[in-house]
Structure formats: C-alpha cells, structure tokens
Amino acid sequence: MALVNEHFLKLPGSYLFSDIAKKVNTFKITHPKRDIIRLGIGDVTRPLPKACIEAMHKAVEEMTSAETFRGYGPEQGYDFLIEAIIKNDYAPRGIHLSPTEVFVNDGAKSDTGNIGDILRHDNSVGVTDPIYPVYIDSNVMCGRAGVLDTESGKWSNVTYMPCTAENHFIPAIPEKRIDIVYLCYPNNPTGTTLTKAELKKWVDYALANDTLILFDAAYEAYIREPDIPHSIYEIKGAKKCAIEFRSFSKTAGFTGVRCGYTVVPKELTAATLEGERIPLNRLWNRRQCTKFNGTSYITQRAAEAIYTPEGKEQIQETINYYMTNARIMKEGLESTGLKVYGGVNAPYLWVKTPNGTSSWRFFDQMLYEANVVGTPGVGFGPSGEGYIRLTAFGERDDCIEAMRRIKNRL
C-alpha cells in the first residue's frame with residue numbers, strides 16, 4: 001500500500017491567493033456588472049521588453065535549423081546567461097563569483113521552495129513575520145515546521161521575528177541559535193528594506209552561530225536609496241553563510257516566461273551529524289542534475305537580452321512605471337488618512353487598516369464597497385493582522401481609479 005506524505009495534510013486547506021480568488025469569484029457571480037480592480041497578487045501587467053522579444057524570436061528561428069537546434073541544455077544554465085549575470089549583477093558591486101556558483105532556474109519560487117531538499121528535516125527555522133507563504137509551506141511539506149498552533153497561527157519549530165510599525169519593520173536578531181533564517185529584502189509583503197549596517201548584523205549573527213541565511217533578493221531592481229544593499233554578498237563574510245535567490249519576474253516581466261537564478265557560493269558549507277563540513281554548492285548541483293532539466297534555451301536567450309544596453313533601458317522604463325504607480329498609490333492612500341509603509345524601494349504598499357479593522361474584514365470592505373482587491377496581511381503571518389498589501393503592478397489608470405474609489409467609498 002502506498003502511503004502519503006502526511007506532512008502535506010498539515011497545510012492549510014488552500015493557498016492564500018486561492019482563497020482570495022474564491023472570494024473574488026463569489027463577488028463576481030453576485031455582482032456581474034461591477035468592474036473589479038486587482039491590486040492583490042503580484043503579477044505584472046507591462047509587456048516584455050522589446051529586446052527580450054527579439055532575442056526569443058531569434059532563438060526560435062535557431063530551432064528550425066539542424067545546425068543551430070538546441071536540445072537538452074545544462075541543468076545549471078547556459079554559460080552565456082551565467083556570464084551576463086555575473087558581469088552585470090555582481091561584478092559592478094565588487095562581488096566576485098565563479099560561473100559554477102550560479103544556477104539558472106525557472107523562477108525564484110521553485111528554488112526557495114526546493115532548497116530544503118539539501119537540508120535536514122529537523123533544522124530549526126526562523127522567519128520574519130509577516131512573510132512570503134512559500135517559505136513556511138515548503139518547510140511544512142517536509143516536516144521541518146513542526147505542529148501548527150491554530151490559535152496563534154504559528155508552527156512549533158519556526159521562530160517568528162515580528163516586523164511591525166513599532167520596530168520599523170526591522171526584525172530583531174534572535175537571542176537563541178537558529179539553523180536556517182529566511183530574509184527577503186526589499187521585503188515582500190511590507191515593501192520595507194534593511195540598510196547595509198542592519199544586514200551586517202544578520203551576517204555577523206549567522207557566522208557566529210553557524211546559521212544558514214536564505215536571502216530572497218527578487219525585488220532588488222526596485223531599490224532607489226543609496227544605502228540599501230542589492231545583494232547580501234555586499235556584506236563581508238556573507239559567502240560563508242548565505243544563499244541568494246534572484247528573479248526576472250518583476251525585473252523584466254517574466255512571470256509568464258519563468259526564469260531566475262540562485263547563487264550558492266563554493267565556500268558555503270553545512271555540517272553532517274558527525275560534524276563533517278559539506279559544500280552546499282556540491283549538494284545543490286547534485287540535486288539539480290537529478291530533479292531539474294534546465295530552463296529552456298529560448299527563455300535563457302530572452303534573459304540574456306535583459307543585460308544588453310537596449311534591454312537595460314527598456315527594463316528601467318518598466319520599473320519606473322511601476323514605481324510611479326507606487327508613488328501615486330501611496331500619496332492617494334495617505335490623503336485619505338491611511339498609514340502606508342513601503343512603496344519607496346519596492347513595488348509593494350503595506351497599508352494599516354483603519355480603526356483596528358481585521359485584515360479580512362478590510363479586504364471585504366475594499367472588495368464590496370470599492371471593488372478593489374488587495375491581499376489580507378494576516379495571510380502572510382500573525383504580525384500581518386491589521387494590514388493589507390497592495391501591489392503597484394497594475395495599469396496606471398487602474399491604480400488612479402482604485403485610489404479614487406477608496407477615497408470616495410470607504
């Protein structure tokens with residue numbers, strides 16, 4: 001008899017965004033003539049950069065000829081893309097990487113969810129709270145998260161580090177030792193950031209406690225202020241304690257194309273029970289060769305085009321578009337008296353609900369009264385209660401109209 005992985009049965013009945021979709025669909029059935037503006041899920045709306053489209057067309061044409069046809073590619077990614085990544089994303093910041101330290105993937109979500117494959121199931125886990133749900137759910141699936149306390153919404157083997165207005169959304173360094181810590185900066189969902197000095201405290205903690213930092217830098221392209229690190233490897237010693245995840249989804253509109261990459265430094269190691277130090281780069285490479293057949297050649301050529309002069313210019317135009325949306329939304333919400341965080345170095349706005357209203361209650365008010373969809377903050381963790389997340393990835397006119405509705409109807 002085949003037995004199931006019973007850890008999956010511990011997961012909530014559905015994913016956060018599935019719950020939102022059900023509520024929105026119910027509303028649409030009962031209010032078919034209402035025009036809904038979606039500012040909840042972080043999907044993009046601007047088209048792919050022209051440079052990427054042209055590169056994809058060229059790559060498709062190559063597939064029509066036996067001389068230039070490409071079949072299976074390297075599981076780690078093609079050299080042309082890896083070299084472009086190192087040259088453009090790391091070398092200008094004084095970060096030196098070997099090509100074998102970069103692994104191209106089909107989006108950061110895959111690797112942030114799968115990285116646990118190379119780590120023991122009983123490692124302790126620390127997360128900032130609120131947090132991207134994938135970090136928690138992927139640890140639940142392998143049994144690492146422990147048991148859920150339904151009253152608090154917390155898992156027994158997870159240390160939650162609250163990020164609230166009271167601590168300026170800066171997580172406190174844990175007093176106890178934690179094996180694995182997830183950090184995402186610029187942060188999803190709060191849109192806030194850490195300075196280099198603040199991030200250095202985490203690197204120092206990790207080095208002192210033999211802690212592995214899993215650093216999600218998917219939104220680094222949106223950073224505007226000078227003292228905000230784009231990579232954890234800007235901090236001395238980080239290569240000995242951190243894995244970094246990057247994505248082209250929000251940088252270049254690749255949410256439907258699917259491409260990103262993970263950096264696993266060769267000097268990063270973890271221990272066996274006997275105390276032997278094992279390079280995580282070697283384990284991750286072995287895992288990828290077994291479970292991943294590589295990102296498509298056509299997709300990787302499109303990603304390479306991001307780093308051309310034309311690609312860089314076109315991507316910056318798109319990022320500026322979304323960040324202008326963020327400014328318009330932030331100003332619009334603040335004009336109604338709402339307290340808004342984020343939206344300066346990230347395309348997310350973290351809105352405090354008025355008068356102590358719960359996250360889901362305010363979600364319903366926005367949906368039914370303003371016909372605007374956000375994401376309830378409590379869906380990102382216990383410290384998200386009393387907040388709602390809005391994204392700046394919508395069309396400009398929709399963002400303006402949504403602010404008008406919120407101001408006039410709520």
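Cβ atoms are placed via backbone N, Cα and C, with glycine included.
Site annotation for pyridoxal 5'-phosphate in Swiss-Prot covers Tyr72, Ala108, Lys109, Tyr132, Asn188, Ser247, Phe248, Ser249, Arg258, Asn293, and the matching candidate from Tyr219, Tyr321, Tyr322, Tyr341 is Tyr219. For the substrate site that Swiss-Prot gives as Tyr15, Gly42, Lys109, Tyr132, Asn188, Asn293, the extra residue drawn from Arg246, Arg361, Arg389, Arg396 is Arg389.
When the Cα atoms are compared, Gly42 (substrate binding site) and Lys250 (N6-(pyridoxal phosphate)lysine) turn out to be 9 Å apart. In the three-state DSSP reading, Arg389 (substrate binding site) counts as strand. Within the same chain, residues at least six positions away from Tyr132 (substrate binding site) with a Cβ under 8 Å of its Cβ are Thr112, Cys184, Asn188, Pro189, Asp216, Phe380. Within 10 Å of Tyr72 (pyridoxal 5'-phosphate binding site), as judged by C-alpha distances, the recorded positions found are Asn293; the full candidate list was Tyr15, Lys109, Lys250, Asn293, Arg389. Among the recorded positions Lys109, Lys250, Arg389, the residue whose Cβ has the fewest other Cβ atoms within 10 Å is Lys109. A Cα-Cα distance of 21 Å separates Ser247 (pyridoxal 5'-phosphate binding site) from Tyr15 (substrate binding site).
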